[in-house]
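What follows is a set of notes on a single structure, which appears directly below.
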Amino acid sequence: MRRQFAASDACRTGLKEGEIMGLGMEIGKLIVAFLVLINPFSALSLYLDLTNGHSTKERRKVARTAAVAVFAVIAVFALIGGTLLKVLGISVGSFQVGGGILVLLIAISMMNGNDNPAKQNLGAQPETGQARPARNAGAIAVVPIAIPITIGPGGISTVIIYASAAKTYGDIALIIAAGLVVSAICYAILIVAGKVSRLLGATGLTILNRIMGMMLAAVSVEIIVSGLKTIFPQLAG
């Protein structure tokens, strides 16, 4: 994790071509890590279900508000993550191992094709069989679409882990920049949710979800290994 933000140190002396490439790679790594964890495709079904009966304008508002909420969560915990651990007296290594295990469990659930229980309950129709009335666009955008469906405990833990490894304000800026890009991607995917759902179908979404799960498992292992090396420096060799 210490090497993760090495590129940002170059900002103090001016960026050369190689340093710019390194900086781009660091942002890219953060974007991929956030994207596979947040996995906006997993929120498509719930988004379509909860916005059923809304106009196109209202659906766009829901997507926009949800994306802003996701970015706000990432930005806030990127800024306070390191301080939060210090206040609670939790070591960075311990949180990395604990957070990594949580992320790994989420990844295993994704690979097994298990849906988030919250999605099943929140998206369920009333037992009477009557259509659910359209809900307030702003309300459903923040809860449950943005929180906890799009970014939940696993996503928040990952942001805190990266924030706790940050050495400079430039490092924090990288995390926030990656969060901005991922939030924009979430917005774009929700906007075309209907088309994506029809294009991929249930089977396609399931396959995509499992692929994301495999990538997320790799990210979680990296987090756990980094935490173990922090706790047991001798493992770093």
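Indices start at 1 and increase along the chain as displayed.
Cβ coordinates come from backbone N, Cα and C, glycine included.
Same-chain residues lying 6 or more positions outside the transmembrane segment (30-50) and placing a CB less than 8 Å from one of its CB atoms are 62-63, 66, 70, 74, 103, 106, 110, 116, 119, 122-123, 135, 140, 144-145, 149-151, 154-155, 158-159, 162, 174-175, 178-179, 181-182, 185-186, 189-190, 193-194, 196-197, 205, 208-209, 212, 215-216, 219. The feature transmembrane segment is assigned by TrEMBL to 30-50 (among others).
Within the chain, the transmembrane segment (62-81) has long-range Cβ neighbours (under 8 A, six or more residues past its boundaries) at 34, 38, 47, 50-51, 54, 137-138, 140-142, 145-147, 150-151, 155-156, 159-164, 166, 172, 175-176, 178-180, 182-184, 186-187, 190-191, 193. Positions annotated as transmembrane segment by TrEMBL: 62-81 (among others).
The annotation transmembrane segment is assigned in TrEMBL to 87-110 (among others).
The annotation transmembrane segment is assigned in TrEMBL to 139-166 (among others). Taking Cβ pairs closer than 8 Å, the transmembrane segment (139-166) reaches residues 1-2, 4-5, 30, 33-34, 37-38, 40, 42-43, 46-47, 50-51, 61-67, 69-70, 73-74, 77-82, 84-85, 92, 95-96, 98-100, 102-103, 106, 116, 118-119, 122, 172, 175, 179, 186, 219, 223, 226 in its own chain, all 6 or more past its ends.
Counting same-chain residues at least six beyond the ends of the transmembrane segment (172-193), those with a Cβ under 8 angstroms from any Cβ of the stretch are 5, 8, 23, 26-27, 30-31, 34-35, 38, 40-41, 43-44, 47-48, 59-60, 62-64, 66-68, 70-71, 74-75, 78-79, 150, 159, 162-163, 166. According to TrEMBL, the transmembrane segment annotation covers 172-193 (among others).
Residues 1, 32-33, 36-37, 39, 91-101, 103-104, 106-108, 110-111, 158, 161, 165 of the same chain lie 6+ residues outside the transmembrane segment (214-232) yet bring a C-beta within less than 8 angstroms of a C-beta in it. The transmembrane segment feature in TrEMBL is assigned to 214-232 (among others).
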